[in-house]
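A short worksheet on the structure shown next.
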Amino acid sequence: MSRYHTFTAADAVEYARQFGQVADPQALVTADEIGDGNLNLVFKIRDTAGISRVIVKQALPYVRCVGESWPLTLDRARIEAETLLTHSQFCPQHTVKVLHHDAELAVMVQEDLSDHHIWRHELIQGNYYPQAAEQLGEYLAQTLFHTSDFYQSAQAKKAAVSRYTNPELCQITEDLFFTDPYIDHERNNFDPVLLPEVLSLRQDKALKLAVASLKHRFLSQAEALLHGDIHSGSIFVADGRLKTIDAEFGFYGPIGFDIGTALGNLLLNYCGLPGLAGPRDAAAGREQRLKDVQTVWQTFAARFLALSQEKAQDPALATEGYAAQFLQHVWRDAIGYCGSELIRRTIGLAHVADLDSIDDEEMRRACQRHALSLGRALILVAPHVDDVGGVVARIRQSPSSLTPQRC
């Protein structure tokens with residue numbers, strides 16, 4: 001008989017007392033539920049002084065806003081905890097610390113990050129963290145290299161691919177990224193004024209062929225243990241620090257997906273800035289986002305290449321020049337997935353505040369159109385792209401379009 005039951009606030013406090021690793025467990029007295037609560041229950045556990053000490057997170061067996069007609073596997077809580085633990089093994093400085101997890105209860109206890117801020121909110125407010133892009137690139141390199149064939153033995157990786165198989169959460173990604181935006185689907189959500197742009201995407205045969213290729217790689221290429229949902233809302237920042245959270249979409253997939261999703265969220269902010277700030281601040285912020293895109297990729301690529309030279313275990317993959325060749329393939333994937341993120345966050349089910357929080361209706365629509373055109377252009381140009389500098393230069397020169405020529 002399963003021990004699973006949905007936690008109350010009192011349950012969360014008691015659980016934190018047992019597994020929160022605090023010096024005085026009885027000082028933990030209250031729990032505040034945070035988040036929207038549609039997929040998970042998340043509690044901040046506070047002590048007698050009102051200070052948040054740890055986080056208790058429990059997976060729900062269905063999407064609460066829909067009900068039991070949309071069930072979800074509780075095993076995603078195990079996958080999330082183990083993904084975070086694995087990533088923490090190789091990059092502890094940029095991964096939230098898991099203090100305890102219980103697969104049967106679908107619950108885990110995490111360190112409290114109240115002294116950090118959600119990166120998306122900070123980007124929207126115009127608050128700049130100069131270390132964040134480099135630290136994100138470091139996180140991506142460390143976690144993706146050490147869970148790839150470059151470092152893991154073939155036997156260990158095959159076992160890990162099986163252990164991290166995550167079909168229900170992957171199905172959500174497959175639908176929301178690669179299917180829904182290009183068909184008439186009830187999950188899609190967009191301003192009716194954007195219908196001409198939406199219809200243009202649906203009728204673009206070259207675009208749909210490119211998206212089909214991206215989806216096929218997502219389905220079939222088990223290159224490394226991905227975070228699976230690495231956007232600016234799942235990243236916390238503070239002065240000199242960065243931590244990733246929310247890895248329930250973790251699975252073995254194409255390395256470029258994590259990188260492209262991260263870059264896509266920087267470019268969503270780039271597209272939204274004209275509606276979020278005055279002209280001078282928006283221009284400066286947009287230039288900084290492009291520099292951030294360069295920094296994330298360049299840090300990732302340099303570190304991944306260095307790690308492959310130092311630590312590659314397989315003699316064939318350690319062949320001089322192969323890692324650099326492989327990174328070209330990752331880069332092209334990343335640009336395609338980046339474009340997919342721009343499109344799906346604009347007209348699909350799950351939007352971002354970088355665009356939706358723009359008050360001026362006409363400006364919001366203009367920024368959304370820019371995100372759609374840039375997303376389409378990136379997907380189409382991806383097979384012809386050689387380096388990040390070329391892409392960034394073309395975005396600067398032609399803010400709303402790219403042409404599929406070699407960069």
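Every residue, even glycine, has its Cβ placed from backbone N, Cα and C.
Feature annotation from Swiss-Prot assigns ATP binding site to N40, K57, E111, D112, L113, D246, A247, E248; the stated evidence is sequence analysis. Sequence annotations record features per position, and here Swiss-Prot assigns substrate binding site to D229, R344.
Among the listed binding-site residues, namely E111, D112, E248, the Cβ with the most fellow Cβ atoms inside 10 Å is that of E248. In this structure the alpha carbons, written CA, of D112 (ATP binding site) and R344 (substrate binding site) are 31 Å apart. Cα-Cα distance from R344 (substrate binding site) to K57 (ATP binding site): 27 Å (rounded to the nearest whole number).
For the pair E248 (ATP binding site) and D229 (substrate binding site), the C-alpha distance works out to 8 angstrom. Spacing of E111 (ATP binding site) relative to D229 (substrate binding site) is 20 Å (Cα to Cα, whole number). Between the binding-site residues L113, A247, A247 has the most other Cβ atoms inside 10 Å of its own Cβ, all protein chains included. The separation of D229 (substrate binding site) from L113 (ATP binding site), Cα to Cα, is 19 Å. A distance of 17 Å separates the Cα atom of K57 (ATP binding site) from that of D229 (substrate binding site). Once the Cα atoms of N40, K57, E111, D112, L113, D246, A247, E248, the listed binders of ATP, are compared pairwise, the greatest separation found is 18 Å. Cβ environment of D229 (substrate binding site): T173, D246, A247, E248, F249, T261 lie under 8 Å away, each six or more residues apart in the same chain.
Mapped onto three states, the DSSP output places D229 (substrate binding site) in coil. Reduced to three states, the DSSP call for K57 (ATP binding site) is strand. In the three-state DSSP scheme, R344 (substrate binding site) is classed as helix. DSSP assigns D246 (ATP binding site) to coil, not to a helix or a strand.
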